[in-house]
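In what follows, a structure is listed as structure tokens, so that the remarks can point back to it.
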Amino acid sequence: MINLNKHTAFKKTAKFFLGLSLLLSVIVPSFALQPATAEAADSYKIVGYYPSWAAYGRNYNVADIDPTKVTHINYAFADICWNGIHGNPDPSGPNPVTWTCQNEKSQTINVPNGTIVLGDPWIDTGKTFAGDTWDQPIAGNINQLNKLKQTNPNLKTIISVGGWTWSNRFSDVAATAATREVFANSAVDFLRKYNFDGVDLDWEYPVSGGLDGNSKRPEDKQNYTLLLSKIREKLDAAGAVDGKKYLLTIASGASATYAANTELAKIAAIVDWINIMTYDFNGAWQKISAHNAPLNYDPAASAAGVPDANTFNVAAGAQGHLDAGVPAAKLVLGVPFYGRGWDGCAQAGNGQYQTCTGGSSVGTWEAGSFDFYDLEANYINKNGYTRYWNDTAKVPYLYNASNKRFISYDDAESVGYKTAYIKSKGLGGAMFWELSGDRNKTLQNKLKADLPTGGTVPPVDTTAPSVPGNARSTGVTANSVTLAWNASTDNVGVTGYNVYNGANLATSVTGTTATISGLTAGTSYTFTIKAKDAAGNLSAASNAVTVSTTAQPGGDTQAPTAPTNLASTAQTTSSITLSWTASTDNVGVTGYDVYNGTALATTVTGTTATISGLAADTSYTFTVKAKDAAGNVSAASNAVSVKTAAETTNPGVSAWQVNTAYTAGQLVTYNGKTYKCLQPHTSLAGWEPSNVPALWQLQ
């Protein structure tokens, strides 16, 4: 039979694209489990992803991997079977195709919804490589991985499920106890059948984000924890029978949104570690040239208008996980083995932080993306490209003044700063995407040199520091409070203190004093302090300190005038833009608070604001209040009621119905979305367009 290469997406973003290839399927019998080996004694983990499609046109095979450079290989990707098919038909994705679920013999199988299945049976288990025979139980990439382990007994292999393109069914799987049970049982079956040492869930993303057509629901936050808990239960039970430790890991997003949409502290207690994807912070989806994986925040990026620059960097992403309760030893830092490019970037700043015409029209395999080995061979200080260094963000970049192309990437120098960060924070190691991008082993050699993997595993520190004592206020102004406290102790060592204003983190310091600024004059605040150690353990809170800021010097008690002429200037399905006439004040207006009903929606310094994250076709009522430096707040402006735009549907298109004959190409609407019929059929209950992508394609 003819099969199609199923993977066109790289690990986090749809911007990676691989063309489809026609492949011949090979039928092979089942596989005999290899003997279990002892867990490697590693002081740091070095986890490398190997994508199945590397063995196609990229011609980078498992045999090309140097197993001494990694401790774990994550094989990407397996998928989830649902209604007899897998894949993702979402037209916004890089590969909107589905296939029947198949076994290692490329035979169609009938399995329950939520079962883990091979992503590409031909390349996974069917293709013969040198030394293979036509009738051996398992061939393909998976057999090659097992051969690699036979000669390197400390190497571990992990099957990664999902990825950017194939995360469409995770929410459905996690939603019920029945499907969680199916998924967890199939994980055990998959590991035993193909001799993997663990399973890695790459769900992109719970609650929100990812491809538009992915299943998602608010309950994903709690359901993800339940799913992982069930997998852990099944893996531990299987491990007790098989005499080995089965690993469970996840790939996590690096944004504050991901941390808010998951129960990271609970997840960390379940999994062996978390691979945080600290890359893809900037790319061709925006027109401002910026860095793929900046280690530190660069204020110049914010000044140039780079979106979310203060949080879209490696340090902020990792710290967000630590602050959410992930122990440092369970956090493995992501490193990209590729760069991202833009075209039409002005020469100012050597192309950095410039408004460009768009993403690069060229790349190694996809436009806009450059493998590191390709950059080494053809770009770095070659062919008109000059290497520059951003010493704040700690990353290199290339600029070609002739063609105005800017490329952000990582090299051995920037990787060195990232490994130093790993050590300074006591993190568990490094993960990288992906092995075929570093064919000269330049970056792998750097990781291996900086992160020794042959020592004794230090015991996991789970002891929290003692509670900071005698928290007190030592200074107060109109806009700041200075606090002090007695030092905590720890079995290993205290690394710092988090200071909280109410429930919100106000600042983090390494000493026993802190000044919290930006407060409102004449206002009462309550502060507590928690100590932390290198493993990410937090102490209980100190005694609460309640203190009031002083009145503004000069006795300014006069509030600004109320804003006037509040009006809506634009509406979309999810946002409303407002404008108003400026207020006046005896000293000066410092900003405006915009309220959605009684809730504060945003604070701005100008006289316009856009409120996002709203529901379509819904009415909202807004008011605005002005404020000054003394903390005086005006009366509310006039109220304005505005309705967001409705979701657009195709006029004249009929709603989908049961027991109706449909022809190929016919359009219907279902749950507010438009679908095109792919095959003639008569509809039945359960064949709703959202459930049967083999029959319907979302428009």
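Heads up, the Cβ atoms here are built off N, Cα and C, so glycines get one too.
Annotated in Swiss-Prot:
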type: ACT_SITE; residues: E204; note: active site, proton donor
type: BINDING; residues: D135, Q136, G162, G163, W164, T165, Y205, M277, T278, Y279, D280, W433; note: chitin binding site
type: COMPBIAS; residues: 452-465; note: compositional bias 'Low complexity'
type: DOMAIN; residues: 44-454; note: domain 'GH18'
type: DOMAIN; residues: 467-553; note: domain 'Fibronectin type-III 1'
type: DOMAIN; residues: 562-647; note: domain 'Fibronectin type-III 2'
type: REGION; residues: 449-471; note: region 'Disordered'
type: SIGNAL; residues: 1-41; note: signal peptide
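Projection of Swiss-Prot feature records onto the structure.
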residue	record	DSSP class
D135	chitin binding site	coil
G162	chitin binding site	strand
E204	active site, proton donor	coil
T278	chitin binding site	coil
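Using a 10 Å Cβ-Cβ cutoff, Y205 (chitin binding site) registers 25 neighbours.
Counting residue by residue with DSSP, the domain 'Fibronectin type-III 2' (562-647) contains 0 helix, 47 strand, 39 coil. Other C-beta atoms found within 10 angstroms of the C-beta of D135 (chitin binding site) number 9, with every protein chain shown included. Taking a C-beta cut-off of under 8 Å and a sequence gap of six or more, G162 (chitin binding site) has these contacts in its own chain: F77, D79, I80, F170, L201, D202, W203, E204.
For the domain 'Fibronectin type-III 1' (467-553), the DSSP-based tally of helix, strand and coil residues reads 0 helix, 47 strand, 40 coil. Mean predicted confidence for the domain 'Fibronectin type-III 1' (467-553): the pLDDT average there is 89.
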